[in-house]
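What Swiss-Prot says about this one:
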TRANSMEM  17-37  transmembrane segment
TRANSMEM  57-77  transmembrane segment
TRANSMEM  95-115  transmembrane segment
TRANSMEM  119-139  transmembrane segment
TRANSMEM  173-193  transmembrane segment
TRANSMEM  200-220  transmembrane segment
TRANSMEM  227-247  transmembrane segment
Amino acid sequence: MLQYPQIDPVALRIGPLAIHWYGLMYLIGFALVYALGRRRITSGHTTSMTVRDLEDLIFYSVLGVVLGGRLGYVLFYKPAHYLANPLEIFYLWEGGMSFHGGLIGVIVVMLLFAHKKRLGFFTVSDFIAPLIPLGLAAGRLGNFINGELWGRPTDVPWAMVFPQSGDGLPRHPSQLYELGLEGIVLFALLWWYSSKPRAAGQVSAMFLMGYGAFRFLVEFTREPDNFLGLLAAGLSMGQWLSIPMVLAGAGLYLFTARPPSR
């Protein structure tokens, strides 16, 4: 069993201002997306977008992630609670974000952005899809530092006791599994896959399938939300939300891989 490194969730204090690691990881994630996106633009990987376009897209994507992530959490995980306490929807400092909701928010942003810039939607989504896993990796590291979203009890040698779980049981460090699979591995796969010309939509399809599959697998080691538990077929909410991602990605890939009709 490994010792969980209890890290102060506050990364930096400047007078009364406290900068938390979790918020800092969000900033680092978007900074990584910007840096690699800029590199792809300046290296000629795409001629459809400019650096200014990238800056605008990231700015509005931040809004999409926050609004979509919060509303997704409200609707997917605790609708009854927030229906009874609607003002708590705005209590962002108490936590409660959904990746799947954030993804929907970003998709809406990309649709509006593509329309405004007169670009094809897949031109935008195929460009940004390989960069998203870096932001996910940073976010999962933030979860680990916070000691939240821990895994299920286990006896594997690398199990950790998370103090905030309150039961003293050794658990899977599932945040690190997600960091590795949904972050680093998915980034490497998409970066390689998108390095060669692909039909419009195929890089986006690979992201949907890759993230959905990795998230579905890791959820078997992640502790279900205590207010939901496991749902139908013994699957978690995260798994049920990931299944449509895999199916949509597979459908999109097959559709875009079809030879053009004559």
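Glycine is no exception: its Cβ is also placed from the backbone N, Cα and C atoms.
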Cβ-Cβ under 8 Å with the transmembrane segment (17-37): same-chain residues at least 6 beyond its ends:
7, 9-11, 54-55, 58, 61-62, 127-128, 131-132, 134-139, 141-143, 145-146
Interface present between the transmembrane segment (119-139) and the transmembrane segment (227-247) (three or more C-beta pairs under 8 A):
no
